[in-house]
């Protein structure tokens, strides 16, 4: 039993490792000359092909009737969660570093909270500790993003890694520095912040769509298919040369397959499976681990420099995220207590001892109708 309880933990660590590695390989592919738009297109194509079998196998008998409303929601989801956010992310990655890109993705939670309040899907609850924690966490996340974007300061003196990756060294010697120009550019962080905002908008759309179309694998497959069409069209508008779409380079092929098959086709079912057993908060706690893994891999394999501003901003964002998650956890616990109290208030009056045997079966039947808290 103990080993079985470790399965979700191990799987989520592997998922975060997969996303961290995606940041590195994608950055190397882009530095090697691959157009970010084409990389996004390939990711969606491979993602659609890999997620479709899961959708058919798991949900083929559960898909509700398609309506115009659902079709519009799927289209909006593909435009925000796939096309818009991914294009902004990979172009932002081109003009920044993997560490910065990874840190700014943690803004999703803060932006989703703000948008949820604006769309009246979330209550501020500032009079409760949970509400204060969520507000403080949001402010810390946004403050960390500002520090990370505008303040760099000195390079932190970290000993160089003894790992030598010939592919990365070749790019660096070809005057493509991983940290110099990219980390001082404001364009990258701005695009990555916009990516987090667009991705948060996708969460709002998904919250509504999941009520009418509660089949996550099928909706993801549809999103990837539509996203593939949209991304291929956009990429062709900017670069329609055959050589630009070639995957003859090993890193281009590896990054495209890894981001599409591993980070979409395999990671999504793992995350969905873990949410079903441990809940969304358990999964969210592992998100900052991606930043730690990305920082370590960047240092070990591509000799990325770490700036004081980047470290401070990242710590603020991660601290804000955990403050928000703590507040959300307290809110869930409070709602559970309120729910239990409401059930107690609706229970029938105590039964007298001489009536116990008479009404025993009736009482058991009555209690059985109450849902588990």
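Glycine too: its Cβ is placed from the backbone N, Cα and C atoms.
Curation does not apply to TrEMBL; its annotations are automatic.
TrEMBL lists transmembrane segment for one of the ranges 281-301, 344-364, namely 281-301. The average pLDDT computed over the domain 'EamA' (187-324) stands at 91.
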